[in-house]
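Visitor: This is the feature table in TrEMBL:
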type	residues	note
BINDING	ASP23, GLU24, ASP117	divalent metal cation binding site
DOMAIN	17-212	domain 'RNase H type-2'
Amino acid sequence: MTSPSLSVELALLERFETVIGVDEVGRGALAGPVAVGAAAFSRQTETAFPSGLKDSKLLSEVKREAIAPLVQSWLPHNVGYSSVELIEAAGITKALEKAAVAAITPLISGSTVVLLDGSHNWLALSGLEVEYVVRVKADRDCAVVSAAALVAKVQRDQLMRELHELEPYFGFAGNKGYSSEQHIAALREYGPSNHHRKSWLAKILSDENALF
């Protein structure tokens, strides 16, 4: 199945007042913040979601940009960020947790369940007063998680395009901070910027053939 549905969310609404879909963007990037998107679905939310919504990784950048305003109009949403500095100081897991708490907290309403993409509950120690359902491929199969991921992806991509204007040689507009041939070549020529996760780069920069 490549198109999402609301079957999981509607089933959860039989037990909860609010279902918050959550997904992260930028976990594996070499530069830029990590972002966590959250989108809230309730009994008051329209069940006809935007046409074309699916796992953001299956959509072109142009399609994501076109669908994002429709998704943002469909349901309440939020994006939380953790900086490169926090990623370096606390580690990616803690940084993801902090970004998720920032994204989720304003959307909690009544009895709330968080629907997480993945295979483990990386928010179990967050302190949020919610229940959790963890589902593999939720970003593909569950429309509310697809929405959260898409909004986070579009917003983080825009931020990386802005960083590209400051330091164009790294190619952030295209690679969004992820590894690419141009990105690695620029790192070797210019060294890392303040936007890079420097502790992640030692092995890459020591291996002449490494691209990721």
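Cβ from N, Cα, C; glycine included.
The shown structure was predicted, so the numbers you read here are calculated from the model rather than taken from an experiment.
Help me picture these features in the structure, burial and contacts included.
Guide: All protein chains considered, the CB of GLU24 (divalent metal cation binding site) has 28 other CB atoms within 10 Å.
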Visitor: Whose Cβ, among the binding-site residues ASP23, ASP117, has more other Cβ atoms within 10 Å than any of the rest?
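Guide: The largest 10 Å Cβ neighbour count belongs to ASP23.
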Visitor: Around the divalent metal cation site recorded as ASP23, GLU24, ASP117, what other same-chain residues have a C-beta within 8 angstroms of the site's C-beta center?
Guide: VAL22, VAL25, VAL36, GLY37, LEU116, GLY118, ALA138, ASP139, VAL145, ALA148, ALA149, ALA152
